[in-house]
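A.B. asks: These came from Swiss-Prot, pasted as-is:
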type     : residues : note
ACT_SITE : Glu338   : active site, proton donor
ACT_SITE : Glu439   : active site, nucleophile
CARBOHYD : Asn91    : N-linked glycosylation site
CARBOHYD : Asn116   : N-linked glycosylation site
CARBOHYD : Asn121   : N-linked glycosylation site
CARBOHYD : Asn184   : N-linked glycosylation site
CARBOHYD : Asn203   : N-linked glycosylation site
CARBOHYD : Asn248   : N-linked glycosylation site
CARBOHYD : Asn364   : N-linked glycosylation site
CARBOHYD : Asn525   : N-linked glycosylation site
CARBOHYD : Asn552   : N-linked glycosylation site
Amino acid sequence: MSNLLEAESSCDSKSLGVDDFTSKRCREIDKKALLITILLTFFVSLCVFLSIILPLIFLVIIPHAQSDRKIKDTNMETTNLGVNIIDEIFNSTQVPEWAKNSLLDTNTWLDTSDFNTSFTNETFAGLYTMGIFDKYDDSVQANPNVPPLNEPFPYGRLPIRGVNLGGWLSMEPFITPSFFQVKNETAYLVKDELSLHAYLGENATSVIENHYNTFVTKQTFYEIREAGLDHVRITFPYWILYSNEITNVSGIGWRYLLRSIEWAREQGLRVNLDLHAAPGNQNSWNHGGYLNQMEWLDGTVKGEENSQFTLKIHERLASFFSQKRYRNVVTIYGALNEPNFFVLDEHKITDWHKQAYAVIRQSNFTGLISLSDGFRGPGNWEDHFDPFHFPNILIDVHRYIIFNDFLIGLRPKDKLNVICKSWNEEMKLKAKLPTIIGEWSLADTDCAKFLNNVGEGARWDGTFTPNGGVASCSEKVGCRCDFANQDPENYEDSYRKFLYALATSQIETFDKTWGWFYWNWDTENATQWSYKKSWLAGLLPRLAYSTTKDFNCSMLDSKSFMEFDEQSEF
């Protein structure tokens, strides 16, 4: 700067008669000065321009454009999924290139209703939070009989009255038989969900996600609340949690599980999460993964690896649902559905349950933890899980009268006596720990299609292969399945009366425990396995918490119910 000032000073002397060299130098400096002046003038003008234009852009033009866009969005036709086209375009620009066509890309989602479609790759405990809205409301009350979600449920004083959402995230052949009717000339080709995925091949993703999106909807939770229920037990297989190699549709169900919990919250319904299928299959049954496969705690290296993998899953899952937003709604956590005590070492299963309990607690889940009785009954669990060392534990008992040749063959009134007397006494005398009935149904036969596996018949009418053609109905001859499988509108009055008594006797007995969950909320066509269908047909009480006086266990010996002893098979 000083050199420039000196040059300018010397040039001022030009008029005082400086030499030609100095004159030439001064002309060069004059050019530089002119250029600097021009640049400074431009810069000042630009600043003035921006000071005027920028406020106009941010205060007038952009808000006006946003207003126009909102109006266009309001009037624009939506796609058949209910998503505005502009929103789709906007969302697609949010998804980074590396996430395109991944589980995080909302443009690949079949449905975006009630999902937060703002892109995020955030995780908690290794599980994606994609699709969840930040805000939630825990002030909702399912019915006047129970407290709102933000107040503690009085477990042990007020029975749970709930229903299962089975056959949804964890598919089962008898619940949705239409998926499993694939066969050739000699045999059925699809026996379980994983073989269904394999059969569908490249179509598996679209077919299975469509099932996720339609079999359980927002309306489902509204109807459950309308039926007077207050809990839902959501069953799921491990492969929905995150991508893995066991199936090409893995990971998709996770966001549907999270959305369903929010739908339950909106209706004031508390959730019992239940792992229904563990790595390797914990029981070899069709709802555990691959039918007739059991590589879980079976004494093999692979079985041990899978049992430890299951604990790792609980570490992630329990940590995720220990978050504050879930404490009022996910109040029960199931360790594992129906591990096979008939085949596996019961001591190993018991030890594994202790490990699972420890992992879940160390992951900061503070709610109730349920352990399956594995069909062993409610007794003797206190020898292994004393309340001091294992607080807030539930024994999950499943009760059916149709999978046992003796029980299924009893006459109608005798079945009611088993429920009202035998089961009632068993719960009273043997259930030393808090006990729930995690599954029960209205079915008095095993006639539902594919109930005993795809392509297998029924004990009731003698078509169940292991029974060698021997029917199990009380008459042993002339046993038919058509009466149980027909439309309930065609049921005879005596059969309707019996089924209602079968329902209310179980409710009365199970209300004396910590509560119950009916299996299942809905099916494609098996009425007696569907709470919804049976409820609409008048075979269940109008409100689960308010049973009528039409039947109770004390009425079994009254003359009006002696007819159950006299009637033949329906």
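Placement of Cβ uses the backbone N, Cα and C atoms for every residue, glycine included.
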A.B. asks: If you measure from the Cα of Asn203 (N-linked glycosylation site), which of the recorded positions Glu439, Asn525, Asn552 is the nearest?
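C.D. replies: Nearest by Cα distance to Asn203 (N-linked glycosylation site): Asn525.
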A.B. asks: Whole-number answer please: how many Å between the C-alpha atoms of Asn184 (N-linked glycosylation site) and Glu338 (active site, proton donor)?
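C.D. replies: Answer for this pair: 32 Å between alpha carbons.
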A.B. asks: Between the residue listed as 'active site, proton donor' and Asn121 (N-linked glycosylation site), how far is it from one CA atom to the other, in Å?
C.D. replies: 34
A.B. asks: Asn121 (N-linked glycosylation site) to Asn248 (N-linked glycosylation site): how many Å between their Cα atoms?
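C.D. replies: Pair distance, Cα basis, whole Å: 21 Å.
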A.B. asks: Return the member of Asn248, Glu439, Asn525 nearest to Asn364 (N-linked glycosylation site) in space, with distance defined Cα to Cα and candidates limited to these recorded positions.
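C.D. replies: Answer for the nearest of the recorded positions: Glu439.
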A.B. asks: Counting only other Cβ atoms and using a 10 Å cut-off, which of the glycosylation sites Asn116, Asn184, Asn248, Asn525, Asn552 scores lowest?
C.D. replies: Asn184
A.B. asks: Between the Cα atoms of Glu439 (active site, nucleophile) and Asn248 (N-linked glycosylation site), what distance do you get, rounded to the nearest Å?
C.D. replies: 30
A.B. asks: Counting across all protein chains present, how many other Cβ atoms fall within 10 Å of the Cβ of Glu338 (active site, proton donor)?
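C.D. replies: Glu338 (active site, proton donor): 20 neighbouring Cβ atoms within 10 Å.
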A.B. asks: Find, for the listed glycosylation sites Asn121, Asn203, Asn364, the residue with the lowest Cβ contact count at a 10 Å cut-off, counting only other Cβ atoms.
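C.D. replies: Asn203, out of the glycosylation sites Asn121, Asn203, Asn364, has the fewest neighbouring Cβ atoms within 10 Å.
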A.B. asks: Reported as an integer number of Å, what is the Cα distance between Asn248 (N-linked glycosylation site) and Asn116 (N-linked glycosylation site)?
C.D. replies: 24
